[in-house]
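Colleague: According to TrEMBL:
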type     : residues : note
COMPBIAS : 147-160  : compositional bias 'Polar residues'
COMPBIAS : 181-192  : compositional bias 'Acidic residues'
DOMAIN   : 196-246  : domain 'PHD-type'
REGION   : 145-192  : region 'Disordered'
Amino acid sequence: MEGIQNPVIPRSVEDVFGDFRGRRAGLLKALSTDVRKFYHECDPDKENLCLYGLPNETWEVNLPVDEVPPELPEPALGINFARDGMPEKDWISLVAVHSDSWLISVAFYFGARFGFGKTERKRLFQMINDCPTIFEVINGNAKQYKDQSANQNSSRTKSSGVKPRQSESQTKASKMSPPPGEDDESGADEEDDEQGAVCGVCGDNHDDFWICCDACEKWFHGKCVKITPAKAEHIKHYKCPSCTTNKKIRA
């Protein structure tokens, strides 16, 4: 099966983490920006289907591999059978949980295969643990982890926690600015307090062009929702893919 093949086998901790992040990005796309396409591909009338995240940040729904044992751990089997048996949001969340478990199993399969020791396994887990889970991102509960770059920390603007009314020009500028961070002004427990918004699609907080949804007030990287700065200039009220989809379903 094409989705499980690996042209380049990861061998170092950094390689394995890079593989993890690529697969994770693909799964996030399937369950967020590409969720309508994913939903339709999971036809309950088809055979047992699996959701695969690929190292190149893409995804595919496909049958499990024929070889036993498989080259890599397999994702949850038969996700399509449960699609119509529960509310769509609950089904997506269930797939997200299984996807998180699969990502961990693939990463530590590589670790075991290439003889990672205790220190390497610990470092790999820490790198993975610094990323919000797919389940957290999909359900809007992703936490902002401490920025690894001093440049990222210094670029975050302070937020009072109160969102005052603004003029249309101020609102547009704010909507296109990076999301606010939360600096610890008391100086206590700096690591825990350096938390703020993350992208509602990829779950990361790296510096980039951002846009805020006027419906759910979540922040998104422009590239993750296919909005350029030039296009954003002409958007008065932006709605993210999830809010747009929910509106269509209710209609």
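Any Cβ shown, glycine's included, is placed from N, Cα and C.
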Colleague: In the domain 'PHD-type' (196-246), how many residues does DSSP assign to helix, to strand and to coil?
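Modeller: In the domain 'PHD-type' (196-246), the DSSP-based counts are 13 helix, 6 strand, 32 coil.
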Colleague: Need one number: mean pLDDT over the domain 'PHD-type' (196-246).
Modeller: 83
